[in-house]
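Q: OK, Swiss-Prot features for this one:
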- 93, 98: Mg(2+) 1 binding site (BINDING)
- 98: Mg(2+) 2 binding site (BINDING)
- 234, 238, 242: Mg(2+) 3 binding site (BINDING)
């Protein structure tokens, strides 16, 4: 890939009043997770190991689950490593995976459908046993030994939702067309894939949620807000990386710039204001409703808090975003996100954002 000449954008600190936490066994979780991933032949050798360590995916899991069993936290770290498949499947970025999978699947919808079906029926070998499929099915097997059937069904449903939204994003890239901002808001919450990690919270934590717990309007609202915050924050952190790949950059910043007819630099504070307003609403709804929830639902909401904070704290120093092509500083500029947090929102308006599918969060 011939990288474009791109300068990283200045991203201001993000409002997040949730304190940072981290698992005391991070070093062990990281070692075992990278060993597991490299065991399938991906990111081989010391160079691959250094790249994975710089990305800090085990730290994301360790920050999201700072008190849970280390081996269960490692399953999440393994899964986050696996989702680098997104680079090939959705973003058609092969800059660091050419040695494993030389091209994106020609029919994403067919691949996605078969992949989900294999999670539902693990004995059905519907796709070739390449390293990505073998590692995914290993995760499925391990989860099946500790998760209840309804928990596996929720995780598989979250996986399906992610791949459906990802198909939309892939279409936009292939059509070289930016979606409208309203459509992007609808797409991005699911396309972020975080629902697949969050769906594992009860498994990692060793508790059981009921369908009623998750269907409660307040829990639905904070879940959707958390997923949206993480997705939009990822857009801010990953913009430099995405801008270096071929095709249009389907990112909140670019969509705002395209819709408003402004520069990318001017779109950044608009994106930050949007996420800050959602962060304010998240905290208000969360604090108002937590006392009315049962023990399991309270633990689940606490995991949402930690995911929001973990994503910011990991992303701010991950070389996946600061040095996406893994080049010396003399060859490629670095993105910098320090400080990553602020105690003051850039927009604390109590009014709903003007998008019909999320306005109900302010009801």
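Just so it is clear, glycine is given a Cβ too, placed from its N, Cα and C backbone atoms.
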Q: Would you count the other CB atoms within 10 A of the CB of residue 238 (Mg(2+) 3 binding site), including those on all shown protein chains?
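A: So the number of other Cβ atoms within 10 Å of residue 238 (Mg(2+) 3 binding site) is 19.
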Q: Can you list the residues of the same chain, besides 234, 238, 242, whose Cβ falls within 8 Å of the Mg(2+) 3 site's Cβ centroid?
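A: Surrounding the site, in chain order, are 235, 236, 237, 239, 241, 251, 321.
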Q: Would you mind listing, in sequence order, the residues at least six apart from residue 234 (Mg(2+) 3 binding site) in the same chain with a Cβ closer than 8 Å to its Cβ?
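A: Listed in sequence order: 192, 311, 315.
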